[in-house]
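The block underneath contains the structure these notes are about, expressed in structure tokens.
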Amino acid sequence: MSLRLVLGRSGTGKSTMLYQEIQQRLSNNPRERLLFIVPDQMTHQTELALISSPEQTGILGAEVVSFSRLALRVLQETEGGALSFISKTGIHMLLRKYVEEYKEELTLYASSVSKPGFIEEMHDFIQELKRYEWDADSFQQIEGRFDQSLSDEWQGQHVLEQKLHDVALIYKGVENALQNHFTDAEDLLQLLIEQIPHASSLQGLHIYVDGFHEYTPLELSVLNALMHSAARVTVTFTLDRFPEKLPEETALFRKTHTAAFQMLERAKLEGISVEPYVICSNPVRFAAEGLRQLEAFFGVQPIPKRINNAPVTIQGAVHRRAEVEAAARRITALVRDEGYMLNDIAVFVRNMDAYGHLIQRTFSQMEISFFMDQKKTMLSHPLVELVRSALDVVLGAWRYEPVFRCVKTGLVAQANERLSFDELENHVLAYGIYGAKRWGETWSYRRYGDDAAKQTDNEKEKEARINAARERIYEPFSVLENRLKRAKTVREKCTAMFLFLEQLGIDEKLQEMEAAEEAQGEIERATEHRQAWQAILNLFDQFVDTSGEEELSFAVFKQVVISGLESLQFSLVPPAVDQVIVATMEQSRVFGVKAAFVLGVNDGQLPAVPSEGGLLSEEEREKLSDSGFSLATTARQRLLDETFVAYMAFTKAAEELYISYALADEEGRTLQPSPWVARLADIFPDRAIAQLLVSEPSEDAYDAQEAYLVHPRRTLSLLASQFSAAKRGYALHDAWWAAYNLFVTDPKWEMFARMILKSLFYENKATSLSTEMSKEMYGDTIQTSVSRMESFQSCAFAHYARYGLKLRERSVFRLGAPDIGELFHAAIKYMTEDITNNHKTWRDISSDDCGPLAERAIDQLAPLIQKEILFSTNRHAYILKKLKDIVARTASVLHQQSLQSGFTPVAMEVGFGANETLPSPVFTLENGVRMELVGRIDQVDISQNTEGPFIRIIDYKSSARDLSLAEIYYGLSLQMLVYLDVVLNEAETWLGKEVSPAGMLYFHIHNPLIKASAEDDNEAIEQRIIEQFRMKGYMLANANVAADMDQSVEGMGKSTIAPYKLKKDGQFDAYSSVLAKDDISLLRDYSRGLMRKIGLDITSGETDIAPYMYKGRMPCEYCDFKTVCQFDESFAANQIRLLKPQKDNDIMAVIEESMTSEEEDE
């Protein structure tokens, strides 16, 4: 019944002394039983250390346990463990249940209970309360006494009182649920304290405690109870002196000193005999003098002396990836060249979120076996995703997202059914299918959506596959839904979930996945499948155990289960002995390390900026502490302990220490080195390397490049980049040529080497089609629209992908701009025909007729748009109303414009091509291919004045659009000009008379918002709205045509209909969009020549990846095929065609010059 402290600085042999003493005692008395208590993360390594000891008695009589494992062992012995153990997952579910139940009584957290992380923070705080021996009743007393212990002057008092009230309420609910039935990890220790006196195996035992830097009050109570039963309890502390009193705040060993002092004080209070302490002073760990001196000088100011030739490396890296890659190269060299085992090496980081994925990817690529000492969430495991998404399916009306999240886990469908389920997904997306009723129906499939057409054999086969896949999903999920709907209690709902998993054969599928992983040597991933299955079963078991007969709504049931799923973590043991350990600096308890790599020694990480996360702010914790309510250390105290964290990290290595920092993160944001870098560089002036670590060898010194050739796979990936750098003029080290020769002559690597090195000559260049292939693809006669020609001018490859390869994005049930545009065009045609059928024109109707006219049009047309999408949801019903408003406004403006205009419609939707109103323009191309243009003109209008009949064409657009001569010249906007040319060429045959061009104009269909002032009356506002509908494009520079366009313009003034403004002298001003008749003729001739050239380029097989850039705009921004072409300006073959904006006069001059040159050539 005594306490003995073993003290000493890092590396002085405290643990070694314990091992030796254990071995000596067991050697003297092999039947003796000893207990060795260490932190959870240290149990495995401690057992290995004892097993590998020279004495064969090493582990036989010494039991290595953590506090929790000791509790389970003692409770089993004393039969005091009749209570069921509840895991963190079970506590999370209870917390979710009670926060939902008490939501109305919460004073502060009622609006926070659904926020991500709230349950985790509440759990952490309640566990903290238990560790500091505050049960629910004693904590409620804090709430009652709090207002008496603080000054009314503190503004945060009311908020803290509300927090304490809410926590106490939830804490009490959880504790009542656990009482007499369950115990969690912290309650387990409380039970351990009660049962220790009854455990005969502990009586007179020698107990050793190692690896702890601090203890919670609950753990101190456990140790005190052990001291009363044991013969002796020996505890180690990393501490340089006996703790006679509390330390100064800035002391290096403040944390361990405080813990030792508290332990001694408790022991004295309870009458425990304190033996003379043992202090270890010989730094036996360090094989290198420089590392021994680093430990001795740590925290000493000023530095006693500088150390040269120490086995320490201090180096910066351009970014974190370069830092990790350099560590991996050095580890490989240590093992390959210097006889190190992997388990002689450890990597320490402060921020595992920043470095973990980089280490995992880099070490795996270089085949460095490693174990990452970090628990990993199960949320990304397929089974956990299946359970979560299945609940979403049932509660969320079988929406697309949760259904196919389930499918993509790989646990619903078999691998050989992937094609069927891909087809099913496409079908669901195209038709917007959701709801159990729709999923339960047999679906029909037509490729082009025409239900009236006869179904082909291919369509029948695909329909059968789709319905078979639908049944595979519908059957188990519908059964689950029905069971959950019938289920009232938690037990019944959990049973429904288990039967669902059983019906899908999840256990067998996971066993198959586990076997496949094991066959590939992925032992760690294999164990994850087993753990996930067991975790899900335990989750439902614990839910039933704690709340089985309670009735919960399905919504609350789902929330509770999801809270449990979010808390699930994999608990992994190193699958091999010889592995590099990767751990965080503060939580690691790694020992026996010869070479240590400390990565990420950056400002903000070491020392770290303490986080203020959690339910209580740091100020609130300080106030509670000042009032006598002790809790875990505050942010200020944690900051004071940062020096100790650095000390422990830098003194782990026995032979070599590598310290590195990054100058940028993965997003390129600047990082600063830690102050420790400067201090260590001061201690080791010759070990701070100025040359930065890089990822690319070509960026490193020439002589240093050979060090990058450490692993075949990594060398191969670097080889291509080095040859690429050599092509750009960088010096190529001979080692890379040697590596190349090795790879291309080694049968194992030859194929991979040639594949990788092919990238050196990759240009991302689309090969033009041969004459034969082009003819096979496009035929002897090509029918093409003007928009297709414009597409080719935008990017030849995009044209090839769409019209040659016929690639399409998969159809999705959504209302897109093309659907709205189609609706608007059809609505205007419908309204015009409706008016005409009543023997009227737009002039003849009244403004009051426009609203009903628009409503009839939309009501008639809306069911035809995108599979009746406008009737599918309330949101789309609202959109339908807004569309009616837009069409009604457009109708009103068309009526108003007709009153002011001398133009009248000739026809709507005028098609040209086979079996259309007008014939196709036909071009015989130089390669003999016949090209026929097809298209449809929205509206053709005519006017008659003293100069004869004039024709204008109007194109209705659902978005604002203007016409540019530069875009016509470059072939990007030919449609309006070609349409005008077609009408003018065919007018005599079609209309029985020759006509002149009046204009080509865009009409924007919209319902503009006007910013009006208080002085504006309704008439003024209406006029401003009409002005927003001024058409854009080009019109003939002719006074009579202008008068017909807008008869309301008298003398000088600006038209509200057409794009012109008259000056005092009756001439058009400089901003009017007008063209002379000769200019229009010239443009028509130019467009025909350009169409001929484009047609020749298409049929000659041109497929260049060469998008344009005009006024900062590129077609790639909205291209469906940018992931196919992979356009990248870093390739010489991928260059943007820069199109220069030019004034109209300059464009006309260029066009005239080009046309003249062509005539001369002919």
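Backbone N, Cα and C atoms are what each Cβ position is placed from, and that goes for glycine too.
Those TrEMBL annotations? Automatic predictions, nothing curated.
Database features, via TrEMBL:
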type    : residues                          : note
BINDING : Cys795, Cys1116, Cys1119, Cys1125 : [4Fe-4S] cluster binding site
COILED  : 506-536                           : coiled coil
DOMAIN  : 281-590                           : domain 'UvrD-like helicase C-terminal'
Legend entry - Per-residue pLDDT averaged over the coiled coil (506-536), given as an integer: 90
Inset, instruction - Find, for the listed binding-site residues Cys1116, Cys1119, Cys1125, the residue with the lowest Cβ contact count at a 10 Å cut-off, counting only other Cβ atoms. - result: Cys1116
Inset, instruction - Could you give the residue numbers and ranges of same-chain residues that sit at least 6 residues beyond the coiled coil (506-536) on either side and whose C-beta is under 8 angstroms from one of its C-beta atoms? - result: 89, 378, 381, 383-384, 386-387, 410-411, 568, 570-572, 575-576
Legend entry - Cβ-based neighbourhood (8 Å from the centroid) of the [4Fe-4S] cluster site, residues Cys795, Cys1116, Cys1119, Cys1125 excluded: Ser794, Phe797, Ala798, Ile1105, Pro1107, Met1114, Pro1115, Phe1121, Lys1122, Phe1127
Inset, instruction - Would you mind pulling the DSSP three-state label for Cys795 ([4Fe-4S] cluster binding site)? - result: coil
